[in-house]
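Participant: Quick one: structure below, then a few questions.
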């Protein structure tokens, strides 16, 4: 019976893991070469806009449908959570064959279709097409500067016209590189082990797709003449752009004919470099100089703080050691500062269980961030693998539940001195942060459902996420808590009196200093935060993970320094309630991150329109701020705890 239950659990685990990891592949393993005349099928992703941030299905508009019907591509967990909906499309190419083809003519547009097309046009929605995993790129020149976008607009509204026009003709340019290499043979099928064997003598010739560009335009065609054609019949090519009189207007009872052209061009771009055009940033040199300058300033300030701190602590320790040697009889009269709180410094803090839970969850988020950034910096998070970054983060978070349970329970045992209540702490660690995220996402999901957006999480995905949460994360967190009870307990170097010492009154609240301490860690990441927010909300590719790793290391160092310095300052004024203040001294950076997110919404996302878009933005920003608070607060608290433990164990106290 036990074996059957174990087998069922293993099967469920494998199914859930396979569901999450669908599409989780390494860049470089899916290169495909095409022979002359081989058909190539383009795909379409969700319609997106930087004005609303609400993705919608491509086929929610009256576009031509593929002959075999609409078929969804396999999507991993990250793609579903980001609102990607990849479908097949009627756009079909043949390698190295330049063509101009007809697709279809719509029925007369009704009132709802016209209203929807005009709304999507004025909200600046983009059509996102994919060919061989490359997004369609569009170029334009403004004031002598070449600008690039991914995708093309649904339509456009000229400034001197009150009408809207639909994009119904596309001119594609496919860049190909001729490939010559060794053949590859796959051995093994079904349940057998699959091996890859290279045959040096067998040469494979073909073409790699290394670029995918599109020029959109609007053309008014005779619908009666177009209806006589069949899909993929040849039509005359068109020179774009055309005059407004010859453009296809969006109006009731209008019939829209869709056509496209394709031109293949040989290129010297190699397959490993085909993403360089998408990752190129205009003015990147200026950004790098600004970022490096900020890094040097932060390093300099952090170094000064660290050096001053070391000299101050060392001077105090030396002075107290000399007092022990020279005047032990007068030592109690000479005591001042942090040594006066020796009997209270390890007194249990208020809401100790909440502190243990937050520190446990903080270590889980911190571990997820460290591993993700390192893997991304090593090149495992290619932009070609859509959803891979988010999928990897979720997988790591699930399995790092064991760390959260271990740290939370061990801190609980240290504070309480007993293992009683460890199950409650472990359970709280497993539901605290995920529960907050679940509540926020559910509220936002109702908004997305009401807007009929593809960004809404499907009900089936809800069950998958809940299953992953309670079948993987919760058991591992409980296991980590159990391991925490078996670990060697941390003992305090001094005893705690039963009666707490009175804390001297201060001229200003100590929490003002704690909140102000978050400005220094925020100074290390606010420039990088701008690029991250731009990649999320402006549809740009983020790829400088190597620099992000450097910034992350710097952030950890500064958070540790700030919390330790503030803890020492509070002890020096006989304030022994340092536990929560050490946590929020570095965790308060999240407050500034959230405030900066609001500033970014007001000044950099001025095009974001509507209360729904603002709610989505603020909801996701709140989740990000809470995660930053837990992770940075954990850094500050753990380092401060080690510092206080070391400080009071290094001094002889009678």
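From the backbone N, Cα and C atoms, a Cβ is placed for every residue, glycine too.
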Participant: Of the ranges 461-483, 484-506, which one does TrEMBL flag as transmembrane segment?
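Facilitator: Checked against TrEMBL: transmembrane segment maps to 461-483.
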Participant: According to TrEMBL, which stretch among 265-287, 288-310, 311-333 corresponds to the feature transmembrane segment?
Facilitator: 288-310
Participant: How about long-range neighbours of the transmembrane segment (461-483): same chain, 6 or more residues beyond its ends, C-beta under 8 Å?
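Facilitator: Those are 12-13, 16, 19-20, 77, 80-81, 394, 397-399, 401-409, 422-423, 425-427, 429-431, 434, 438, in sequence order.
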Participant: With the transmembrane segment (365-382) as the reference, which stretch in 394-413, 511-534, 541-566, 578-603 has the largest tally of C-beta pairs below 8 Å?
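Facilitator: Maximum Cβ contact count belongs to 541-566.
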Participant: Would the transmembrane segment (425-449) and the transmembrane segment (615-648) count as touching if the test is at least 3 Cβ pairs under 8 Å, pairs 6 or more apart?
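Facilitator: Contact between the transmembrane segment (425-449) and the transmembrane segment (615-648): present.
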